[in-house]
Ligand code: ASP
């Protein structure tokens, strides 16, 4: 049984059974032709290169064009695209009149509006929204500074500060140990006048200053006239040579990398910093949810930003105009992160500054209490669960229209960092091991010689 009609009056409604209700509601969109209003904004909706020779829906391509095609396949409706007359997303003016896409839905000029249309509470009072098909938030689009940062002490950059401190400590430590071991080992004591054995004057090459000079000489790859003679001091020299070999090679390799990579310093790092200065201008789309966000915000930073923006000529009629102004320099454009992601994939001289100032989603707008809303929401969920929405995003963000151009850029700038103690810690451990061994050998030498001298044979 599909349903029953219990009323005696013809005006009483038909009761449709549970299992048939879904089919019935799907059928309510099947074969209908919906007028879909949209805006040209890459990559959501774009005019095809051959759009002049084409007609109707074929003139358009993009993420939402594919999305509506998928939805139409699920729900069985037909659709006809139209571009919004005033090029606006939708904002309410003082007299309560809505413009843009929202206005067209309210006035019945279109059945649904689909593009990067943000779901906001104010808009939801005027129209109905489906579940979001994409999540986003406001962020900052900015031009990467092109000037290379040169600092007087850039030669220090291959090693982190901690590593430099460790190297200095190793230098002082090894020099002192060389001095002590030199004193301890009898084989470092020599008679300066071998012909006058009876004088009993012995001299040691490794005085404190000489020890420091010996270690710095090898660290600088120069050497000195001092040569260790005992096994213990030679062991110290050998392990120190090994240490310098590794450290100098790491330093040279990393310095070369540092000199070839441009290090850029951004004049602003966050919205907070942007709001605290006035030399860099900033703005957003002239009629949209981003502007309303700043206009209505109670947060001090955003209020300050709104006070700055409202007195200047910083609002853009389209996102693409904002992008062009950012490219010219000295201007930051506040726009939604999904669009920023698309732009920075293709324009390697532009970047996103900081994180998201809020979180929101894009939905399809329908007339208030429209029966299409639930059907469209269900179909969106289905596309989400099957991974189709993700695939569409990959297609239009990463692959089509020059996507992935700047993928190497990120790698280049992030690959050079100062070597930290974790990277070179091993060589310090080896040095420490070598020094301990040398110390041990020196004690053995000392004991061996004193045993021999008590036995009466010195050499
Ligand atoms: N997506 C926004 C809107 O729906 C456009 C913007 O203001 O950035 O109004």
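The count begins at 1 with the first shown residue.
Positions of Cβ are set from backbone N, Cα and C atoms, glycine also.
TrEMBL labels come from automatic prediction, so no person has curated them.
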Among 69, 70, 327, 336 - the residue TrEMBL places in the same L-glutamate site as 118, 123, 289, 290:
336
Candidate ranges 403-423, 424-444; TrEMBL annotation transmembrane segment resolves to 424-444
If you count the C-beta atoms lying within 10 Å of each candidate's C-beta, which of the recorded positions 268, 348, 406 ends up with the smallest number?
348
Could you break down the residues of the domain 'Ionotropic glutamate receptor L-glutamate and glycine-binding' (43-107) into DSSP helix, strand and coil, giving a count for each?
27 helix, 13 strand, 25 coil
Determine, from DSSP, whether residue 382 (site 'Interaction with the cone snail toxin Con-ikot-ikot') sits in helix, strand or coil.
helix
State the Cα to Cα distance, in Å, between residue 268 (site 'Crucial to convey clamshell closure to channel opening') and residue 92 (site 'Interaction with the cone snail toxin Con-ikot-ikot'), rounded to an integer.
33
Rounded Cα distance, in Å, between residue 406 (disulfide bond) and residue 382 (site 'Interaction with the cone snail toxin Con-ikot-ikot') is 32
How many Å separate the Cα atoms of residue 92 (site 'Interaction with the cone snail toxin Con-ikot-ikot') and residue 348 (disulfide bond)?
36
For the C-alpha pair, I'd like the distance in angstrom between residue 348 (disulfide bond) and residue 382 (site 'Interaction with the cone snail toxin Con-ikot-ikot'), rounded off.
35
